[in-house]
Amino acid sequence: MAQQQGQGAGTTTVAMMSRNPSYYYSGEGELSLAVQRQDSLYRDASRAGQHEQAHGEGWARTLRLAFQCFGVLYGDIGTSPLYVYSTTFDGGIRHTDDLLGVLSLIIYSFLLFTIIKYVYIALRANDDGDGGTFALYSLISRHAKVSLVPNQQAEDELHLHISKSSSLRRPSVQRLASTAEERAQWVKDLLENSRPVRISLFLLTILATAMVISDACLTPAISVLSAVGGLKDKAPHLNTEQVVWVTVGILVMLFAVQRFGTDKVGYLFAPVVLLWLLLIGGVGVYNLAAHDVGVLRAFNPKYILDYFRRNGRHGWVSLGGVLLCFTGTEALFADLGCFSIRSIQLSFAFGLVPAVLLAYAGQAAYLRVYPDHVGDAFYASTPQVLFWPTLVLALAASVVGSQAMISCAFATISHSQAMGCFPRVKVVHTSRQYQGQVYIPEINLLLGAAACVVTVAARDTVVIGEAHGICVVLVMLITTLLLTVVMVLVWRVNIGWVLVFACVFASTESVYLTSVLYKFAHGGYIPVAMSAVLMGVMGVWHYVHVRRYKYEMERTVSTERVRELVSRRELQRVPGVGLFYTDLVQGIPPVFPHLIDKIPSIHTVLLFVSVKHLPVPHVDPSERFLFRQVEPQEHKLFRCVARYGYRDRLEDARDFVANLVERLQYYVRDVNLYGAAANNKVSYPSSRCDSMGIPKSASYAERLQLQRARSVAMLHSHSQHQRFIQREMEKGVVFILGESEVVARPHSSLLKKLVVNYAYSFLRRNCRQGDKMLAIPRSQLLKVGMSYEI
């Protein structure tokens, strides 16, 4: 049991701690309670983000997840052979040896970024099973106070504490560990003490989020359009407009099936992708044997140097097409919540890599003989007897490729919303077994509409490819920067390896970025415009959220004011329990006096409830609630913080109230059992009383009898309190929701007025309301409105 004075004097904090409290003497000779506890949040933090599901995972489950990986993760990477060569050589092949250079670029880019960076490094930088840029941001938030919302609590410090490495090391190892810890502490201090650095980190995170969402719109457009384009070979009468509208029809069906969930879609699509990979791998082997097996020389990286030496600036520009070979790698990371590391590595190494590399090598062998067919390299290199099966599988696999990025967008938005960086939308958990599998109806509708608009407007895979490339490489570059911070702050890797990682990946990704930005006017503006809008939405929402929180925090109601309000003669105590929802995690919100002034009555038991998301995936239900009692105790006013991880789903109102009241009764019991002992400050050794306040001069029998009497009285007292709370709950529960209207101050700048009064107001009116997010029954809902000038 831990007891302390909370913010806003007169509040007593008792967290649901160990059942065996111990005592310690402070430096002033005072007896205090000591808490020794390691809860599930502590254990999550001490893992440093290591998602080791495979350690306790059976092979049957691993193989089943590996099978689903094909249907969810690999569609985008697996369908890249449809358009990589045509986009890279959009001006034609100048020299047949250029094919060796491009194939070598594809091989080593694929190995470097997809295998080394994502499959073997980034997947291990997950946040206890969650991947993506926001998961990296939350992982950093657990090790440094980088959040812009000032709602951290001392209890969170305990839960998010990082266990120190054992001091029982060899001297040389200990010196290295000490240096790494000093370096990590320096980075931690920089992140916590520099507001510009924290803002920059946040902006990079939401930029990556915006790019991922934009990519979820562009991937379906380019994948399906490139697959449908193969119809022109067998149906020359089809024009571009007809191909575009066929693509739109397929896109509509794709987004319509998203509501069935990733779990079902994965089982449905996995056989399709497996057949597709077997087909393109087999066709690749055929082309190597039939045309030019010598292209396998491209595994020698010297052909990359020869390619750039021969083509110069043109070779640099062509990198915008080469990078399309590793599109979809971010989905491997962001969709990790649905799968395990071992299942991804297994299916990737033995299924995806051989098939895709054989497909690229086979096309290169074919184009060495028929370079004029580069505009339709994939279908032209496919044997005619396999054309129709290939076309059907290409269409199906393109749909699957789109599924990977759509799932990635859903997961990313779910994380960002939980961290207060995205407007409130409905998140549907589509699987009871895997909480990372979600579906967001509003986002699905917007993504589907945007994909159709881009397809109709662009009408060409080359234009969409340029836009697609910017999304891919920007997200990868931001991931590299965040991974570098994780290596220093969380993993505490040797600085040499950190520099190698940062230099190699940041430099190569920057070269790719400059290449795609060169063609900004030829389609690159599409994701930039979409991301700018999305960043604006997230930035406005988060900015006003932070400002509103600070406004309420600066105007918390004092203890004297609370006593005055609840002691009014005209104030009536209504039977039942009232749950007053507020964003504040400490203190009484300013809307409470407003409620008393308008409606001079409150419930017999009143709890100020804050729903708070911690930067961890899950919070154990037994550790969900923190309570404080607002003094004086006879008024039955409590503060409650309900803590969730960003992947936890909120319970419905009935279950939430039942769990809250149960924990509140435990809290009342603990206050009665330990509260008095914790408040006793015993001067040792001059005190005439022991730690229980019993005179030392009393005989042993008298002391024992007095202890028993007090124990019986305390048990009887807390039993009465528990029964009282239970009776009040049975009389009814009312949910009181503070609806604050936020406006800019009259003398604010024009920009601030536009952001707060118009942009934020529009978002707030059109997103889901708080009562729907909290699943509050309308028959038990009371809304209290108040205007804030920020």
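Note that Cβ sites are derived from N, Cα and C of the backbone, with glycine treated the same way.
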_Same membrane side for P371 and V516 per Swiss-Prot_ = yes
*Under a criterion of three or more Cβ pairs within a distance under 8 Å and sequence separation of at least 6, are the transmembrane segment (470-490) and the transmembrane segment (386-406) in contact?*
no
*Taking the topological domain 'Extracellular' (220-236) alone, what is its mean pLDDT?*
83
_Does the transmembrane segment (438-458) come close to the transmembrane segment (237-257), meaning at least 3 CB pairs under 8 Å for residues 6 or more apart?_
yes
*Near the transmembrane segment (319-339), which residues from the same chain, at least 6 beyond its ends, have a CB less than 8 A from one of its CBs?*
51, 65, 68-69, 72-77, 80, 83-85, 87-90, 102, 105-106, 109-110, 113-114, 117-119, 122-123, 126, 129-133, 135, 212, 215, 219, 262-263, 266, 348, 356, 360, 401, 404-405, 407-408, 411-412, 431, 434-437, 465-466, 468-469, 472-473, 475-476, 479, 511-512, 515-516, 518-519, 617, 647
*So, do the transmembrane segment (438-458) and the transmembrane segment (199-219) meet, by the test of 3 or more Cβ pairs under 8 Å (sequence gap 6 or more)?*
yes
*Find the member of 99-119, 265-285, 346-366, 386-406 that has more C-beta pairs under 8 Å to the transmembrane segment (493-513) than any other listed stretch.*
99-119
*Is it true that the transmembrane segment (346-366) and the transmembrane segment (99-119) have 3 or more Cβ pairs under 8 Å, skipping pairs fewer than 6 apart in sequence?*
yes
